[in-house]
Amino acid sequence: MVKTPIKVIVRTRPTVEFAYKNININENTGHIAINIPKSAEQGMRFVNHQQEDWGFTFDKVLQNASQEVVFDICGKELIHSALGGYSGTIMAYGQTGAGKTFTMMGSQIDYKYRGMMPRCISLLFQEIEARYEQQITVGVSYLEIYNEMMYDLLAGGDQNSGLAIQEDNNGYVQVKGLTIKRCQTEEDAIAQLFEGETNRTISEHKLNKASSRSHCVFTVHLEIRSKVESAEKVIISKLNLVDLAGSERTKKTGSEGRTLLEAQFINKSLSFLEQVVVALSEKQRDHIPYRQSKLTNLLKDSIGGNSKTVMIANIWPEKNQLEETISTLKFAQRMMKVTNESSIRVNLDPQVLIKKYEKEIKDLRQELAMHDTLANRGRIQYEPYTPEQQYKQQQIAQQFLNGELEDIDIDSLRQVKELFFQFRNLYRNLVKDLENKNYIPRTEKEPDVSKKKSDQVKTVDPVGYEENKHGFGLGKARKDGKPTTNIENLVNIPKDEFKQLDEKAQQEIRKESQITEANKESTIEKRIVNVDKQQAFTDFKNKEGFFNQPTNIRKYCNIYKIYHLESIERRRRIALSLSQRFQTNSKL
């Protein structure tokens, strides 16, 4: 990575009305001094604090220089850098009518007046033909930014279809949907340049009959491959040739209507460009407003990014244009404070890499086959295992873990990897079974199945059986099954509602039941059957009366005793049944 400041070259427009009294240019030192004397009328009325003198120093100042000299100073170095892998940018800035388009494009009538763009293309293809050890692919694109809208000048039909500025994963700026024409010769590239030039938007005003009303960027894309070294290594670079629209003062240009609207967009975008330059020149600024306009976003690599940039500041050294000249020189001086970090961008061609790796694999397989033959190892396969072979290796691993195999015959590294893979799968399955509590330890000798069944018949659980010995089990209680736990151990059973009797109470109930059973047998014989209570009461009332008839009294007393004893017996049985039922559930 190379840190290089932006190089600024000042070029003056040739004119017969050069302001010698106000402008002093020293081409050897690159210094420009401007003097604007104070107005005498304003000094008589009030104190005038207007600044009179300005001084600027640049990398180079070209006064009345030819197109060839400008190209030798500004363009040749960037062409060689682009072929070496470093991206470059040549940018023309200045007021309207100062000669920016002439500097970049030149004249299409006279060949010697051709500008930076055709000269760069010509030198580029000359260098490509001289580099026999490299294979260089050239592509060109031409983009126009008009009223904050992007247009593809080489698209032909719909020039504004799907163009968007975006960054790739490495932070390089590119325009999505922009047409890139492949050029085999210098004539193809020049033809694309002239085709895009005919699609540019121009207009006329007082200061310029063919004023550019848009910012244009002609880009040469290079892909460099070495014929000597590895072919998959691709060096990508590009050369941006930027012709900016000139800043205007509508008071001097007299723009109206559509031309006035275009001037507003031009001045606005140039103002955003100056804000970016000011932000980059300040060391403590964290945010750079690149996204304020499409121009600044597109030139992100050229200003403060990965590029070697040269700016040509065009001035109009006449007395009437002194204010615009000072404004241009101030912007150029700020641009000199911006530093770019340029580096070589290297990519790997995936298609070439695939072909290379396929060839290496083929050679390695042949070498392995030859080595196996010399070592008398027979024909060993190196292809991945099939599902049947994987299952066989799984069985071998399981037998080895169970102790059925003492050793495993290894014939290749491929088998070792597959066995390790199967061991890992077996271990994972074992862990999963333990987590699910489904693992049953294996014994050395399996018990006899018939003996196991007989043991199961002899050994019977008192109430039911449980599955897997974990958690709750389901089963059917036997009739002779006796509960061994208390109702108090049951879960979610209200103790107040189902109270368990103590032993003394249970013994009393048992004795009472025995006495009741004995009395019941003697009482049943004496039970009066089919006695109508209503009829007996009617007979008693109509005839003798209750207390005077002992026979009736004995009948009704016997009936009362029988019903009373049956009620006690019924309640006792219900209590015992509930107690045994809940004790049985607690066992389950």
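Note that Cβ sites are derived from N, Cα and C of the backbone, with glycine treated the same way.
According to TrEMBL, the protein has these features:
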- Gly94, Gln95, Thr96, Gly97, Ala98, Gly99, Lys100, Thr101: ATP binding site (BINDING)
- 5-338: domain 'Kinesin motor' (DOMAIN)
### Query
So how many other Cβ atoms are close to Lys100 (ATP binding site), meaning within 10 Å of its Cβ?
26
### Query
Given the ATP site residues Gly94, Gln95, Thr96, Gly97, Ala98, Gly99, Lys100, Thr101, which other residues of that chain have a Cβ within 8 Å of the mean position of their Cβ atoms, reported in sequence order?
Arg13, Ala92, Asn208, Gly246, Asn314, Trp316
### Query
Counting across all protein chains shown, how many other Cβ atoms sit within 10 Å of the Cβ of Thr101 (ATP binding site)?
24
### Query
Just how many other Cβ atoms lie inside 10 Å of the Cβ on Thr96 (ATP binding site)?
24
### Query
In sequence order, which residues at least six apart in the same chain have a CB under 8 Å from the CB of Gln95 (ATP binding site)?
Gly246, Ser247, Glu248, Asn314, Ile315, Trp316, Gln321, Glu324, Thr325, Ser327, Thr328
